[in-house]
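Novice: Structure below; questions to follow.
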Amino acid sequence: MQEFKCQFKAHQDEPIKGFCINMNCLQNTSFCLKCLQKKHINHQDDCLAFNPLSNLINEYIKTHNKLINQQIELELLMKQYQKKMEQYIKILEQMDQKINNQSYQSVQEQISFIKYLKWSKTQNKQRSLIQELNNSIQTLKELTKEESYLQQKQNNTAKYKQQIVSQSEKKQIEYNQKDQKFLQKVQKKRQEISGKQLLNIQKQSEASNLQIDSLKKDIRSDKQFHYQQEKIFYNILTIGNSLQNLNLFQEAIDCYDQVLFINPNDYNALNLKGNTLHNLNRYQEAIECYDKSIKVNPDLFDAFYNKGLSLQNQNRYQEAIEYYDKALLINCNDFDAFKNKGLILHTLNCYKEAIQCYNQALFIQPNDYDTLKHKSLSLYDLNQYQEVIENQDKVLNIDPNDYDALYLKGLCLNNLNRYQEAIDCYDKALQFNPNDFNLLINKGINYIYNVGNSLHYLGLYQEAIGYYDKASQISPNDCKALNQKGISLHYLNHYQEAIDCYDKIIKINPTDYDALKNKGNLLHDLGYHQEAISCYDQALQISPQDCEALNFKGLSLDYLNHNQEAIDCYDRILNTNPNDCNALKNKGNSLQELGCIQEAIDCYDKALQINPNDCDTLNLKGLSLYDYKRFQEAIDCYDRTLMINSKDLEAVNLKGQSLHYLNICEQAIKFYDFTLRNNPNPNYMKYKADALLKIGKKEESKELYIKALNAGYDKDVIENIMKIFK
C-alpha cells in the first residue's frame, strides 16, 4: 500500500501520522511529526493518530446509532400513546358534553374513568413527560444551532484555506468536496429507502433493487475515496441490512460485496454476508465468510456464534459446540449461545450437559418459554419426572393454555402413578382444543391413549375402553389404541372381545409384536398353552431375544410338562441377561419338576442374591428344601418371607406343613388356623385335619375332613382317610 506523505514542501517526504481536529486550526488537517512540533504546537491534544481517531469515529458512530434507535423507538411509542390519548380525549369530550346537557346518569356510568386518571396519577405523569419532551426539543434545537454554527465556521475556514494553500492542496480540497457530495448522495439514497420502508414494505423492496444498482454504479465510478470511506461503508452495510430484513438476500450480498471489493478485510461486511448466506441455507459459504472475519478480528463474538449456528444447521454438532464455546469465552453471558449449545447436546443424547446449558441460559433469561420447554424434554429423557412437572408448571405460568406442556406434565404424573392428576392434565388439554385431533390425529390419539392408560391403571377399565374407542374413531386402524383396549378387556375377563382386538391388529400388521405377545398371554391365562406358544413363536420371529415372550413361552411349556424346552427358553434369556430374576426363578421351577432339586435351589439362590426380598422365590426355595426333607432350612425361608410380609398365606401354610412334618403339630395347627381365617381353602382344611389326627383329636379331624370334602377337596382321598374312623 502506498504510504501517505506530508504535503508541506519543507518536509514532503515525511509520513503522515494523523489528523488535526481543532476547529480553529488553519493548517493542513493531515500532519507529520515535524508538522506536529511546529504547525500544531498550541493544540497538540487535538492532533490524533490514526488508531485514536478511529476509536473516536467509532464512538461517534455508536452514539449516533443509539440516538437513531431511540428515535425510532420513541416514534413507535408515541404513535401507540397517541392512539390511546385520542381515545381518552374522545371519552372526556363525551363526558363534558353530557355534563353540559345535564345527563348526569350517563356521566355516573363513566365516572370510574376519571377515578382511574386521578388515582393512577396519569396527569402528573403526563405533565412530567411534557416537561421532559420540552427539554429534549430545546436540546435538539441547540444541537441543530450548534451544528449550523460549526458548519458555517468550517465553511469559512475552508474558504480561508483556499487563499493560503498551494495548488496541490487546492486539488485535494476539490477531491474532498467531491467525496462529501458522494457521501450525501449515498445518505440520500439510504433515507429514500428508509422512508419507503415505513410507507410500504412491498414497494420498498422493489425500489431497493433499483436504488442499490444505482448505488453500486456510483461506488464503482468513485473508487478513490479515502477520508469518507468508513462512513460510506457504514451506509452501504446499513442498506444491505435493510435489504436482508426484506428477504432480498442476493441484493444484500451485492451490497456487502461492494464493501469487500474495496476492503476485503472488512470483518463486519464478512460477518453480515455470512449471515445472509446462512439465511439462504448456503451454510458452507457462510462459514467461509465467518472464518475470514475471525481471521481479521479474533475477538468478534458474532462471527464465532454465527459460525456455530451454520455448523449446527449442517449437523456438524461437535464443531458447532466448539464455536459456541469460543463465542462464550468472548461473552460469557450470551443467552442464545447457551441455549443452542443445549439443543445440540440434547440431540447428541447428552441430556445432563444439555440441562446445564439450559440452566445457564435461564439464569440470564429466567422466563424464556422455549428454553424451559427444551429443559423439560431433557429432564424427561433422564426419567426425572418430578423435575419435569416443576419445570412444566413454570411453562404453564407463562402460557396456561399450552396443551403440549399439559400433555408432557400428564405423562410424567402417569409415570409417577399419580393417575388422577394425569387425567386432570389431559382433560384440561382437551378442553382448549378438542378439534385438534381432526388436524393432528397422532397427537390426539396420544392424548386420548394416555388418558385411557391412566384410567386403566386406576382399575377403571370400562372408562379406559371408552377413551380407546374415541381414539379408534379418529384413526380406526391405530394399533396402539386397539392393543390397550385389548388389555383392558382382558382385565375385565372379556376374553373373546380382547382376542378380537388383537386379531384386528394382526390383520392390519401381521408383525405387530405387542399384539402377538398379548394374545399369547391371554391364551396362556385361559389354559390354551399350545395356541399361546404359537403366538409367542411368531412374536419371537420379530424380536428373537425378547425376554418377556421367552419367559411366557417357557411358562406355557412348563404347563404342558415340556420342562426341558422351557429351560431352553429361560437359558436364552440368561445368556442375554444373567441377572434376570424371573428367568432364574422359573428355571428353578422347571428343574424342580424334573427332580433336579439341588439345581433348582441353586437357581433360587442366584435370584435371591439379586433380589433378597422376593417372597415368591423364598417360598419356592422353601418348597425345594421341604422336598429334600430339610424342614428347618425350609422354615428359615418362610420366616424370611413373613418378616417381609406377615400376611403371606402361602408362607404361613408352608411353614405349618414343615412344622407338621417335624411333629410340632400344635404350632402347625396355629399356622393353619391363620390361613383358614383369611382363606377357607379346602387344602388348608385337609392339612389342619391331618395335624389334628396326628395329635389324637380324631373327632375334630373327622369334622374337618368332611368340611374339606364339601368345600371341593378330592373325594377319593377323603373317603380313603375316613376308613380310619370306622
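Just so it is clear, glycine is given a Cβ too, placed from its N, Cα and C backbone atoms.
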Novice: Examine the ranges 64-98, 274-308, 554-588 and name the one recorded by TrEMBL as coiled coil.
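Specialist: When 64-98, 274-308, 554-588 are checked in TrEMBL, coiled coil belongs to 64-98.
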Novice: Can you name the far-off residues of the same chain, 6+ from the ends of the repeat 'TPR' (479-512), with a Cβ under 8 Å from a Cβ of it?
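Specialist: Non-local partners: 445, 448-449, 452-453, 456, 461-462, 464-465, 468-469, 471-472, 518-519, 521-522, 525-526, 542.
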Novice: Under an 8 Å Cβ to Cβ limit, what residues of the same chain, 6 or more beyond the ends of the repeat 'TPR' (581-614), are close to it?
Specialist: 547, 550-551, 554-555, 558, 561, 563-564, 566-567, 570-571, 573-574, 620-621, 623-625, 627-628, 644
